[in-house]
Every structure is written in structure tokens, then in C-alpha cells.
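Before any comments, here is the structure.
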Amino acid sequence: MASACASSTIAAVAFSSPSSQKNGSIVGATKASFLGGKRLRVSKFIAPVGSRSVAVSAVAADPDRPLWFPGSTPPEWLDGSLPGDFGFDPLGLGSDPESLKWNAQAELVHSRWAMLGAAGIFIPEFLTKIGVLNTPSWYTAGEQEYFTDTTTLFVIELVLIGWAEGRRWADIIKPGCVNTDPIFPNNKLTGTDVGYPGGLWFDPLGWGSGSPAKIKELRTKEIKNGRLAMLAVMGAWFQHIYTGTGPIDNLFAHLADPGHATIFAAFSPK
């Protein structure tokens with residue numbers, strides 16, 4: 001679905017060009033309806049170009065979709081087809097179709113890493129706080145002793161993550177080129193989208209095989225939770241810088257003394 005969404009977005013930008021309007025396409029009406037807040041339906045139009053015909057499709061734009069600011073007009077390149085698209089791009093970072101496609105994948109993978117990072121910060125710290133576990137805090141994890149030195153661990157991580165990220169990058173450049181298992185060639189994935197490999201390892205419950213509306217709903221939830229996780233990880237990092245403790249310790253301290261243990265106390269002279 002992600003590749004299809006990206007394609008539809010690319011088409012939307014391409015169709016809004018002056019050359020497309022001169023060729024008798026329906027883009028003029030499409031753009032006017034979009035800016036005027038009217039619902040558009042997907043339809044096909046055959047426009048003669050020289051001695052051949054070119055089939056184009058109008059991109060569906062739903063005026064009732066949620067926007068980051070109610071009543072605002074979303075940019076042309078954010079037509080609501082991408083998961084988590086609420087029309088927010090004040091810097092125009094997605095105005096170029098290729099940049100939009102790349103940024104969508106970058107946000108997706110950063111969201112997933114942030115969700116893993118947030119779980120690794122909050123859950124062990126909370127369980128240690130209530131006495132279930134006895135683990136070092138996330139901000140001192142690099143100071144602990146492991147089965148080998150940190151340089152060796154870094155090299156191992158670099159090789160493993162580099163291999164995985166290399167295959168992900170190849171799939172972005174040429175969708176579907178990594179759908180065959182490199183170790184067991186008989187294991188192949190079909191009908192997958194860029195960033196959503198599916199299969200037994202990445203979709204064991206088969207949630208990605210539902211209706212398009214359901215799939216987009218799940219992908220939107222993933223992006224929204226990922227964005228929240230990125231903010232949470234950044235917040236935990238700043239909390240440790242200014243307080244010297246983690247978010248769970250800060251929470252318990254605030255609950256014990258809500259009048260004094262606040263965010264303002266970290267910036268008050270002692």
C-alpha cells in the first residue's frame with residue numbers, strides 16, 4: 001500500500017503541472033475542487049497526445065479527513081493517501097515526489113526504532129522501581145560490563161544493522177527486489193509494500209491481509225504511536241540531562257511531592 005500511496009502522490013504532483021493542464025487533462029477541475037473543499041472521485045480520462053492516448057487518474061481527496069489544524073488547506077502533495085497524513089508540511093519537505101517517498105520511509109523506520117527505544121526505557125525502569133527486576137538504567141547501560149568489550153559489540157551491531165538497512169534501502173530503490181529469502185530461496189513474499197514486508201516474521205497474526213481501509217487504519221496507528229514515541233524518547237533524554245534521573249524516577253518523585261517535584265524545579269536555583 002505504501003508504494004501505491006507514494007505513486008498516487010507522485011501522480012498528483014505531476015498532474016498539477018501546467019503541461020498537464022494544456023494537454024486537456026482533468027487536473028484543472030481536480031485542483032479547483034481540492035482547494036474548494038469538494039470531494040473528488042477516482043476516475044479515468046483519455047487525453048490524445050500526438051498519435052497515441054495516455055490514461056491518467058484523478059487522485060481522491062477527502063475534504064472530511066482530519067487535518068493537523070481544522071479548516072486549514074493541506075499542500076497539494078499531501079492528499080491523504082499516506083498513513084498518518086494530516087496535511088502538515090510547513091517547510092514543504094515533501095513537495096518533491098522522490099523526497100516525499102524517502103521521508104515517508106525514514107519516518108516509518110525511525111518510528112519503529114523509537115517505539116522499541118521507549119519500551120526499553122520505560123518498562124525496565126518501572127519494573128526495577130517496583131522491585132520486579134534489578135536492571136541498570138538505560139542511561140548507564142553503556143557503562144556496564146558484558147560478555148565482550150564495547151568495541152566488539154559495536155562492530156557486531158554495525159554489521160547486522162548494516163545488512164538489514166542495506167536490504168531495506170534496496171527495497172526502497174527497487175520495490176520487491178528483496179522479497180526472496182537469501183538463505184531459503186523457496187520462501188518468497190508477494191504483494192508486499194515498501195516498508196511493510198509482512199510474512200511470518202513481520203506479520204505473524206496476518207493483520208496486513210485485511211481490507212485496504214483496515215490496513216491503512218493500522219498503519220496510521222503505527223505512525224501516530226511512533227511519532228509519540230519519538231517525542232517520549234527525546235523527553236526522557238532531556239529529563240536525564242537536567243535531573244540526572246530517568247522518567248519513572250521523576251514520575252514517582254512528582255507523585256510523592258507534586259508541589260515541589262515539578263519541571264520548574266529542574267531550572268530553579270538550589
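A Cβ is built for glycine as well, from the same backbone N, Cα and C atoms used for every other residue.
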Listed alongside Phe88, Arg227 for chlorophyll a 1 in Swiss-Prot, from Glu76, Glu107, Glu125, Glu143, is Glu107
Hey, how far is Glu107 (chlorophyll a 1 binding site) from Glu222 (chlorophyll a 3 binding site), Cα to Cα, in Å? 11
How about long-range neighbours of the transmembrane segment (228-248): same chain, 6 or more residues beyond its ends, C-beta under 8 Å? 110-111, 114-115, 117-118, 121-122, 125-126, 129, 137-139, 266-267
Work out the three-state DSSP category of Gln144 (chlorophyll a 3 binding site). coil
Other than Phe88, Glu107, Arg227, which residues of the same chain sit close to chlorophyll a 1? List them in sequence order, counting a residue when its Cβ is within 8 Å of the Cβ centroid of the site. Gly84, Ile223
Whole-number Å distance separating the Cα atoms of Arg168 (chlorophyll b 4 binding site) and His110 (chlorophyll a 2 binding site) is 13
